[in-house]
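Asker: Just dropping this structure here.
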Amino acid sequence: MGIILGNGNVLNQAGELTPMEILVEKGRITAMGETLDRCGHDWIDCHGGMISAGLIDAHVHLREPGFEHKETIETGAKAAVQGGFTTVACMPNTRPSIDSVETVTYILDKASEAGMARVIPYGAITVRQLGKELTDFAGLKEAGIFALTDDGVGVQSTAMMKKAMQKAAELGIAIVAHCEDEDLLIPGAALHDGVVAARHGLPGIPSESESIHVGRDILLAEQTGVHYHVCHISAKESVRLVRDGKRAGVNVTCEVSPHHLLLCDEDIPDNLDTNWKMNPPLRSREDRAALIAGLKDGTIDMIATDHAPHTQEEKANGINRAPFGIVGLETAFPLLYTNLVQTGELTLKKLVELLTVKPAEAFKLPYGRLEVGAPADLTVMDLETEKTIDPSTFASKGINTPFAGWVCKGWPTLTLVDGKIVYQNV
């Protein structure tokens, strides 16, 4: 017996929504058609929603082990499926860092126990993410990591980054970088080095702290041949560097977060609400425009949430002391659909690709496809019903979002992972 998703629509090659039913059996899509034989199968009414491949997020912070007061693998995985994400890659800035086979195994086991989204851990580039000694890349790869990164901090040593890229290239592992030159940072800086920081008399985080590392690493990637991926790109100069790198034939990809696409520093309220504090910071209107242009022309390969939960107590410490980061798994698709697709900035087809097939292709994942024979990772979206973002309804432990109160369409109503229903609100 299988499951038929009926009364739904899928995007065709022209980007048009067309009626389609999908049969799921033994974790795979086994049939697709406008009308399927229901005999012997359970039938789920999708109420006219859009059926897509499950969303993929290449950048989340699940906080476990070590920071379970912020989030756990279970609560993060629940948040993922509630937001339509079926595969998430979790960053290594935990305690201990994900720098050993034992920690990788721990995370994979915890994710399996949770039985929600598929969680794939990153491995740290350097031991304890201190930038001094490379981890056991081969051992981490065999244990099942997604890629290698020291996200949370940038690899400051050019020599260390080159050595990491050389070794990763030999093993066929991607190097994923949080690009931030600490020599250009002023202690306590929390906002972009722009008009808002100046208005409040605060030190700012300059765009060049990001773009200098992007440029450095693209040159190293060209020399070593590694797949190099830039995290949460935020500055127009970084977009230009990635575009130039692609044109030169460098194997470089990058991601952008929803908040950098939808907000700029001038949107930050005068009370400096710390739910608007993230790293990279919200940058200028010009930077935001460059990010959207980068999505349109293919410079930016995917959208990733950079889901970063913190407690309310931590976020109450004021703009200078509160930790960087906001949550994003449960609001990403509705926000992007409402504010980019419905406004005409992106097509629906393009948005879905940026959240499914594009990250799958970049990181060579067998997911993100809506076709017979593909894994039955599926999401159904209600593109018509309006709902208000209410952090009290989040499955995540974190409620740190600047988007509370925003009214959106495009809410997930059903999520399947490997053919198993893990979220249902139909």
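Cβ from N, Cα, C; glycine included.
Keep in mind the model is a prediction, meaning the values are calculated, not measured.
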Asker: According to Swiss-Prot, HIS59, HIS61, ASP306 bind Zn(2+) 1; so which of ASP151, ASP193, ASP217, ASP418 is the extra one listed there?
Answerer: ASP151
Asker: Which of these, HIS232, HIS259, HIS260, does Swiss-Prot say binds Zn(2+) 2 at the same site as ASP151, HIS178?
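Answerer: Looking at HIS232, HIS259, HIS260, the one Swiss-Prot places in the Zn(2+) 2 site next to ASP151, HIS178 is HIS232.
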Asker: For the Zn(2+) 2 site (ASP151, HIS178, HIS232), what does the 8 A shell look like? I mean other same-chain residues with CB within 8 A of the CB centroid.
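Answerer: Those within range, site residues removed, are HIS59, MET91, THR149, GLY152, GLY154, VAL176, ALA177, CYS179, CYS231, ASP306.
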Asker: Cβ atoms within 10 Å, counted per site: which of ASN93, ASN279 has the most, among these binding-site residues?
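Answerer: Ranked by Cβ atoms within 10 Å, first place goes to ASN93.
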Asker: Measuring C-alpha to C-alpha, could you say which of the binding-site residues HIS59, ARG63, ASN93, HIS178, PHE324 are within 10 Å of ASP306 (active site)?
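Answerer: Neighbours among binding-site residues, in sequence order: HIS59.
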Asker: Have a look at the binding-site residues ASN93, HIS178, HIS232, HIS310 and say which one has the shortest Cα distance to HIS59 (Zn(2+) 1 binding site).
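Answerer: Going through ASN93, HIS178, HIS232, HIS310 one by one, the closest to HIS59 (Zn(2+) 1 binding site) is HIS232.
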Asker: Are there any residues in the same chain, six or more apart in sequence, whose C-beta is under 8 angstroms from the C-beta of HIS178 (Zn(2+) 2 binding site), and if so which?
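Answerer: Residues satisfying the criterion: THR149, ASP150, ASP151, GLY152, VAL153, GLY154, CYS231, HIS232.
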